[in-house]
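Quick look at what TrEMBL lists:
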type	residues	note
BINDING	Lys14, Ser177, Asp178, Thr219, Gly220, Gly221, Met222, Ser223, Ser224, Lys225	ATP binding site
BINDING	Ser54, Asp141, Asn157	substrate binding site
DOMAIN	9-232	domain 'Aspartate/glutamate/uridylate kinase'
Amino acid sequence: MRQSLKNAKRLVIKVGTSSLIHPNGTINLSAVDELAFVLTDLKNQGKEVILVSSGAIGVGMHQLNLAKRPTSIPEQQAVAAVGQAALMNIYAQRFMSYSQQTAQILLTRDVIEYPESRKNVINTLEQLLDMGIIPIINENDTVAIDELDHSTKFGDNDQLSAIVSQLIQSEVLIMLSDIDGFYSANPTTNPSATLYSQIHEINDELMAQGTGPGSAFGTGGMSSKLKAAKRIFSFDSSMVLANGKRPKIIFDILNGDDIGTFFKKEEN
Ligand code: ADP
């Protein structure tokens, strides 16, 4: 089934904060650079690529020299606003070194509930893709606070990336996380957990295996990824959850290699 990935033309790539920020809080420049290289090359091959990137608060904390994430929502929003600009600056620079133009899109998840907004978002994304530009999307943290955790965790974009995939009818959503894929239990606490190569149905048993706290930097953990997969199934698309340590892994995923966890509804 993974062979269908070879022909995927429209892709959404989602990177979590843990793929972009080192554990000590500084920016993982090699990851950002590799991402720019890989996505530009895919676009040059004739694919249409959209990046959904977290990391605004992480970069903002670094910019403002904050050792600890602030606790209040307005402070987090302020840090995210600083970080979003800095993050885009880094992306724009790195992509430009491969002569690739990027664009920033900030969205709230409710765009799909308002036909007019929905149409405008689709039009903008379609136009950017048509112009060969790589859109870089993040949740608009100033407007939407549901992704900002009230206490210790970083914002994430699992649902937003699935919504974007649905809006532009992408053939695959590649989610890069800090883990190799979806396991039968949390592998960081359960060493006997085994990796699923493929998942064809999101049922309660699976949901139970994905509950529990996420990584230090993430928000959603696995239940949020499974929820995203459910949306992906709803329009018969596919999703791959894989480790974002080496973004070049995207080439192998699109080659149909057995990497990470492949989510696709069983074909009749
Ligand atoms: P990211 O922010 O990189 O997208 P998250 O922190 O949201 O990632 O989720 C990844 C984390 O989820 C893993 O590091 C792991 O600790 C935790 N986890 C919980 N249950 C599972 C499971 N069944 N399979 C894989 N990871 C799991």
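Each residue, glycine too, has its Cβ placed from N, Cα and C.
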Looking only at Ser54, Asn157, Ser224, the binding-site residues on record, which one has the least crowded Cβ, with the fewest other Cβ atoms within 10 Å? Ser224
Are there any residues at least 6 positions away along the chain from Lys14 (ATP binding site) with a Cβ closer than 8 Å to its Cβ? List them or say none. Leu51, Val52, Ser53, Ser54, Asn157, Asp158, Ser161, Leu173, Ile174, Met175, Leu176
Of all the binding-site residues given, Asp141, Asp178, which has the fewest Cβ neighbours within 10 Å once its own Cβ is left out? Asp178
Looking at the binding-site residues Lys14, Ser54, Asp141, which have a C-beta within less than 6 Å of some atom in ligand 1? none
Between the two most distant Cα atoms of the substrate-binding residues Ser54, Asp141, Asn157, the distance in Å is 11
By a simple count, how many Cβ atoms lie within 10 Å of the Cβ of Met222 (ATP binding site), its own Cβ left out? 25
Given the binding-site residues Asp178, Met222, Ser224, which one's Cα is the least distant from that of Asp141 (substrate binding site)? Ser224
